[in-house]
Structure formats: structure tokens, C-alpha cells
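> The structure follows.
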Amino acid sequence: MYSPQRKDFVSLMLGDQHSHNYTNGKHRRQSCWRKWKQLSRLQRSLILFLLAFLFICGILSYPSLTEQWRGLPDRSLKEDWVEMDNQGLRPIPPGFVPKLPPGVVPGVQDIPPEVMPEIQRPSIPLLPKPPAMRKPPSKRGPPALQKRGKVSDWQVKDGEEATIKRDEDGGKEAKTVISWRGAMIEAEQGTELQSTAHGKEGTVADAEDSANLKPVKAVDRVEAVREAFRHAWKGYKAFAWGHDELKPISKTHGEWFGLGLTLIDALDTMWILGLKDEFAEAKKWVETELSFSKNVDVNLFESTIRVLGGLLSTYHLTGDTLFLDKAKDIGSRLMPAFKTPSKIPYSDVNIGKGTAHPPRWTTDSTVAEVTSIQLEFRELSRLTKDPQYQNAVEEVTRHVHRLEGKRDGLVPMFINTNSGKFTRRGAFTLGARADSYYEYLLKQWLQGGKKETELLEDYLQAIEGVRKNLLRQTSPSKLTFVGELSNGRLNPKMDHLVCFLPGTLALGAHNGLPADHMELALQLMETCHQMYAQMETGLSPEIAHFNLQSNNGRDIDVKPADRHNLLRPETVESLFYMYRFTNDSKYRDWGWDILQNFNKYTRVPSGGYTSIGNIRDPLNPAPRDKMESFFLVGRLCTNL
């Protein structure tokens, strides 16, 4: 091979100084392209992959960076306000001039010493109150906030475009709030104490009157609860009277058993709230319209807790034998459910034919259903002096007490009505299908005068089983939660139904059970509160998943399929117990916050409240057009 010929000279091209044919950039581009082509296919692929990866990372990080940049000014302003507040300073309203003693000319040399401190105070920079950061409008928001297209009649009537109404008495303005479908409070009521920038309670006034602020009257929470009930009742009376459930958006009704579930469930609530007119109307319907002589299948558990329980509680409050007679009627019609080989009741009863059967797809019943009817049937026997009701349910209780297949007092979710044995033994939960078994153990023990030791033993053993197998804490904030056990593996999820447990633990501790039950109740009550507080709507999901490792800095995650809220009462009921036993007003305040959020995101202007499908989206919570009957149960009275 010959070596390449060597050049002993350098060529140089000189062009005219006015020439514009300089092509060095073109040659450079050609040189870069030549070098790119010289790379191997693998090298070029790696470079392209790296560039694409960096581009995607930049796109993903852009929103979080912009949010942080937007938040910087707001945080700095708030910090300055807090610092001024700690120093005892207050911002001077615009246009405010300190009043000087008569005859004093506003010159520094003429100002008396006692006025000088008031003039010198503003030497520290005074900042205006930071404006509230608002999110840009979303296309998923209320239709009225976007362009007016085709709007349904109920939207036009109940959710008209935002207007400002002048108060007839005081001349104040109340802004009508637009919702995604009309399900919001009709107007922003100025009845609550407003918060200032310093985080203290105060009121909003004009700058001219800032020196003479007058406090706004605090909200009458009792009346607010009555108003919420009346609003729900208005919708039920108008569109679903005598039927099981209200569909508030479509302004119609839903039927389950055809027994007026909502009306019967709400009887005791109306009596407690002192709504005499509404109660009288409902009583008349029970007296003249309610009949159990119909060919219909009802669920043993649901009809017991809603119908039988509602009638018994109303009898205890009023002493009216009408309700006891109706309770005896439905109770006797439910008895065929216990005619099984194992005495474990079937799930369904035809109250007209007097027959019972399991679901079409299985011969199993859920453990919660067969062990959460005892309180009502035992009480029916006590009131009627007929032991058949109590005998039937106590045989179930004794059978489950001695049954094999438990794990440290925890029971599986299913039991077979033929064999009487637990099935699908690998899963243990305090959520759906098992929850009220544990609740009824304690309450039966109390109902029987604390004499039935087997009930107490089962309850105490179960609580220890919860501690040993299901209790965990989140990594970021150490929230205590009750998970689920599936084939020996913990699943860090908790149903909203589990929020019955704080109240039940507190009730037991109040009646002489170990003090550490109350400590656990306090921890779990905080967790159930956070299931509401950490959601964008302030309402809890049906199921929450808890983080055991601080991956994203959040304690609670919610899967898309679990984001619905069915207006469940378990958390509110526990808050009632906690406030009564601790006298800590924060629990009543938490209950009040929940009611306010129900008003904001589930209230339908034409009457009623609706369950929602997405508690993570305040702009479109996805209303489900259904008001469950248990929404009007006496637990609504927590804020009384």
C-alpha cells in the first residue's frame, strides 16, 4: 500500500469584501451531516433515543415547574403577612389617614410624642393581601361558564348563569353559584366567619369602615342541618313520595323493595330534628299506605336495618304503637329466611309468599348480613314478648362463635347456608361483607346488659386480631389504617365502611373496655377525616389505598374505579361518638365541614342530594342521580 500523497502547500481563497457568497456555514452543515453519516447505526439510535427521552422528561416536568414558579410570589406574600402579624402589625387600608389631635399640623416636627409611634410603624414594608390563586377555567366545568349550547330544562331552571341578587333587607349581594349540573348550594351565604390573611377569624368590610368592624353572626348549625334535611325531603316528597329512593337530577324515583325505604329510614331523624309537619305527613303514609302484603323479594339484611330498625327506633322515640305493630308485621314476614339446614339464614325473602332463597348465583350468604340483624330481632322479641325472633338470631350468633376458620378472631366474608361453614377463607377484612359483624358484637353485649360474655370475648379477640394482622401506618404522615388480608398478604386498602370502627372502639372504651381502644379510636378517626380532607372535593372515596412507602409524598391514593361517594354515614356516625365521649369540638367541626361539602358538590337545587362518581374532580364530580335512603338516617344530626 502506498502512503497518501503529501501536500506541501496551503491553498487560500480570497474573495471580494463586498461579496455575499460566504459559504462556511453551508460547508459546516455538510461536515456535520458527513460526521453523522459516519456514525454506526447503533450510535445514531442511542443518540436519538437520548434526545427523545430528554424531550419527554421536559414535557412531563413543565407543569410542576410552572406551578412552583406561580406559587413563589404567593408564598412570599403570605410569609410577610405572618411575620407582620407576629410583630403585632396590621396593614393600613388604602385611603386611611391617622387622626391627629386638634390643632396639630401634619409635620414631623409638630407631631406629639404619643402619635409618633403610629406614624413610624409603617417603616416596615406593608404588603397588600395576596390575591387568591385561581385555576384557569376548564372545559369540564359548568356548562353555563362556557358557551351556551343546548341546555336541558333542569339546567336552565336550576342552574341559570351566575347572577348577583340584591338582599332585600340589608342590601347585601349573594352570588348564585353555577354547578356542573345544578347540584350546588343556590347562593353563597355570608353567614360564616371569614378568615383573614393572618388565619384568624374576622369579617370583610370596606376599607373606609375598617376601623369599625362589626362581627358577623355565627352560623346556626342546628338550623343548617334542619335546612339540609328539609331540602332533601323536598325533593323526595315532590318526585319520589312513597317510593324507595329519590333520583334528584332526573326528578323521578328508584324502586328496590317498594316499601318506602327513604321515608321509613327518615322517621327518627324528623322526630329528633323537631320537624313536626314533615313527621305527621310521613306517619300518615305509614298508617294508610305502607303494606307488606306484596309479592316481592327483599334482602333480609337491608330490610331489617332500614325498615324494621327504622320502625323500632321511631317507636322508642314516640311511643306510638303504630310503628311497633308495623315492625311486628315485617319481622314475622322475614322469619322464613331462617328455615335452612344450618339455621344460617338465606339472603332473600318473599314477604308476600312467605318463602326464602339464596341468591341465584350462590348458596352463600355474607357474614356481615347474617350477623348484623341481631339487635333488631332481639329488641322486637323484648317489646312483643315473643321469643321466636331472638331465638332465631341468637342461634346464628352461637353457631358463628364456635365455627372454625377464624384468624385471631377475624372472620372470613362468606358462610354457606347449607353446610353452615365459612367459605373462601383466605380473605379477611373489616370492610364490605364483614364490617358490621364486629360492630354488632359490642352492641349486643351492651344491649344485653353486659352479661353475655361470649359476645365480649369475640369482640376483644377480634380487636386484637386487627392489631396483629391488619393495622399499619402510612409512611409520609404515619396515618393508622386497617388493611385487608388476602391469602396471608396485606393489601393496604380500606373501605369507607371501616370508618364505623373509631366510634365503636370509643363506645367500648366508654363502657369499661381497655383504654388503648380509645387511643386506637383517636388514630383511626384522624385517618377517616383525612380520607375526606385530602380529596379535592372534601368528600371521601368509597375505597382508599394507603402508601406504605413515601413514593409520591401522599398518604392516600384513589383508583379511578373507587372515586365515587355514596353519601355514606359511617365517618359522621363515628364523629358523633368521638365528640360525645371526648367533648372535643374539632370532631363536630369535621362533621360540619363534611356537611358543607355535601352541600357544595352533591346538593340538587330542585330538592335532594346525589351520590357522585368522582371525588377528585371538583369541576365535574360526575353525579350519579341517586340519593340513598341512609343519607337521611338520624346520623345526619351529628352537628346538633
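Note: Cβ is positioned from N, Cα and C throughout, glycine not excepted.
All TrEMBL annotations are machine predictions without curation.
The structure displayed is predicted, hence computed values, not measured ones.
Okay, so TrEMBL annotates it like this:
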TRANSMEM  45-65  transmembrane segment
REGION    122-161  region 'Disordered'
COMPBIAS  125-134  compositional bias 'Pro residues'
ACT_SITE  Glu302  active site, proton donor
ACT_SITE  Asp435  active site
DISULFID  Cys499-Cys528  disulfide bond
ACT_SITE  Glu542  active site, proton donor
ACT_SITE  Glu570  active site, proton donor
> Between Cys499 (disulfide bond) and Glu542 (active site, proton donor), how many Å separate their Cα atoms?
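Distance (Cα to Cα, whole Å): 11 Å.
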> Could you round the CA separation between Glu570 (active site, proton donor) and Cys528 (disulfide bond) to a whole angstrom and send it over?
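Distance between the two Cα atoms comes out at 9 Å.
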> What is the number of other Cβ atoms found within 10 Å of the Cβ of Glu302 (active site, proton donor)?
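There are 15 such Cβ atoms around Glu302 (active site, proton donor).
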> Could you check which of the recorded positions (Asp435, Cys528, Glu542) sits closest to Glu302 (active site, proton donor), going Cα to Cα?
Asp435
> Provide, as an integer number of angstrom, the distance between the C-alpha atoms of Cys528 (disulfide bond) and Asp435 (active site).
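Here the two Cα atoms are 15 Å apart.
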> Run through the Cβ atoms and count how many others sit within 10 Å of the one on the residue listed as 'active site'.
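Counting Cβ neighbours of the residue listed as 'active site' within 10 Å gives 24.
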> Output, ordered by sequence, the same-chain residues six or more apart from Glu542 (active site, proton donor) with a CB under 8 Å from its CB, or 'none'.
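Counting only residues 6 or more apart in sequence, the Cβ neighbours of Glu542 (active site, proton donor) under 8 Å are Asp495, His496, Asp562, Arg563, His564, Asn565, Leu566, Arg568.
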